[in-house]
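Copied over from TrEMBL, here are the features:
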TRANSMEM  A:5-23  transmembrane segment
TRANSMEM  A:29-48  transmembrane segment
TRANSMEM  A:60-78  transmembrane segment
TRANSMEM  A:90-107  transmembrane segment
TRANSMEM  A:119-139  transmembrane segment
TRANSMEM  A:159-178  transmembrane segment
Amino acid sequence: MRQFIYGMAIILIFATPFMRTLFESYMFLHMHMQMMLLFIAGLLMAPLLQQKFPNFFEKFNKNGVPFMIIFVTIIIYWMLPRAMDEALELWYVELFKFVSIPLLAGVTLRDSFRKLQPFARFIFMVITALTFGITGVLYTSSESQLCNAYLLADQISVGIGQLAIGVVILAFVFLITFTDQSQYYKNPYDDAEGSS
Amino acid sequence: MKKEWIYRTFLIAIALLFLWVATDGYTTFTIEEKRLNELRESPPQIPNITVQDNKDRTYHFDEFEGKYMFMTFIYTNCSTACPQMEASMQEVFERLDMDKYEDDIVFLSVSFDTERDTVEVLDRYANYFNVDGDSWRMLRVPDDNELENLLDMYGVTVIPEGSSDFQHNTSFYLIKPDGQLLDTLNYREPDVAVEVLEDLLEVGES
């Protein structure tokens with residue numbers, strides 16, 4: 001319950017006009033602070049939703065794969081330069097951002113992560129890392145502005161950030177693939193969602 | 001098990017459909033591409049606003065009625081894209097046989113930094129590119145509202161960068177004699193622009 005309140009609080013605070021203006025003024029604040037915090041808000045909101053609607057999660061996300069497909073789709077969408085610009089221009093894209101990132105990326109990932117078989121988890125994490133890596137290369141190497149609303153220099157710094165996040169995810173994949181996680185937990189699938 | 005696969009395929013189909021809609025059928029990944037597509041689909045009519053050129057003459061846009069307009073948006077303090085774009089425009093200008101097409105086309109460079117780009121500044125800048133002031137003119141728009149309106153119409157976004165620079169999107173705009181936008185061209189390809197213009201003007205001649 002407390003986690004849910006924290007998550008909700010993050011969303012509400014970041015939805016205020018002041019915070020939106022502040023966090024959308026620079027590309028890295030928009031993409032790597034605002035969107036990341038919305039994602040974390042989603043992670044925090046997951047347990048209560050799982051408690052309240054156990055049947056829903058059991059029925060539609062039995063082994064974790066379905067929600068991971070949604071998760072990957074949503075993060076790919078929000079890495080399109082066009083989505084960023086449209087969030088600034090169109091109110092419904094902005095609204096979609098505040099709904100889709102917490103619910104369709106944050107909640108889905110937390111629910112799926114512990115249900116996934118190790119191999120599927122490995123595959124999805126590599127896909128996620130690759131998505132960050134590819135957009136990172138795109139943003140750092142593009143000679144023209146991809147987002148009309150942001151400067152070229154901002155775009156390059158965001159690209160470097162994307163690459164860094166990709167590397168961190170890959171490092172985490174290596175960590176959980178080549179170390180024996182069971183020594184840290186009673187049941188490796190019970191509580192492995194800690195870092196993501 | 002079979003059911004599970006149907007469900008997954010369904011979700012992937014939804015995901016692909018969603019991304020398809022979001023990118024207009026996997027064609028426009030940036031808002032700039034979307035903007036150019038929209039301009040192509042519903043070409044705007046140039047507003048008849050007041051402009052001032054580098055020879056300190058003031059007139060309305062209908063001065064150029066009956067001529068093709070080859071237009072760029074610039075500011076003279078720019079150190080990156082604008083000089084490249086203007087150099088490319090100069091190449092197009094010099095390679096076209098202007099003696100022959102003088103009455104059919106006019107080259108226009110419109111400044112959006114009205115405050116600093118005064119007539120004198122524009123005229124000095126014009127000299128760098130051998131702008132003659134007749135078949136190629138540097139323009140400023142004295143009225144802020146009219147300028148905003150013009151930039152809006154062509155989807156030119158200008159963001160201040162630091163205290164003295166702007167970042168903005170760049171293209172060649174080709175406008176028909178009746179004032180409607182015909183096409184936008186890539187400023188990095190002066191060859192293409194020359195070809196397009198020659199084709200157009202040849203048809204006009206005969």
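Placed from the backbone N, Cα and C atoms, the Cβ positions cover glycine too.
What TrEMBL says about a protein is an automatic prediction, not a curated fact.
Of the candidate ranges A:5-23, A:29-48, A:90-107, A:119-139, A:119-139 has the most C-beta pairs within less than 8 angstroms of the transmembrane segment (A:159-178). The transmembrane segment (A:29-48) is not in contact with the transmembrane segment (A:119-139), judged by fewer than 3 CB-CB distances under 8 Å for residue pairs 6 or more apart in sequence.
Here the transmembrane segment (A:5-23) sits against the transmembrane segment (A:90-107); at least 3 CB pairs are under 8 Å, leaving out pairs fewer than 6 apart in sequence. Within the chain carrying the transmembrane segment (A:90-107), a Cβ under 8 angstroms from the stretch's Cβ atoms is held by residues 7, 11, 14-15, 20, 35, 38-46, 49, 70-71, 74-75, 77-78, 83, all 6 or more beyond its ends.
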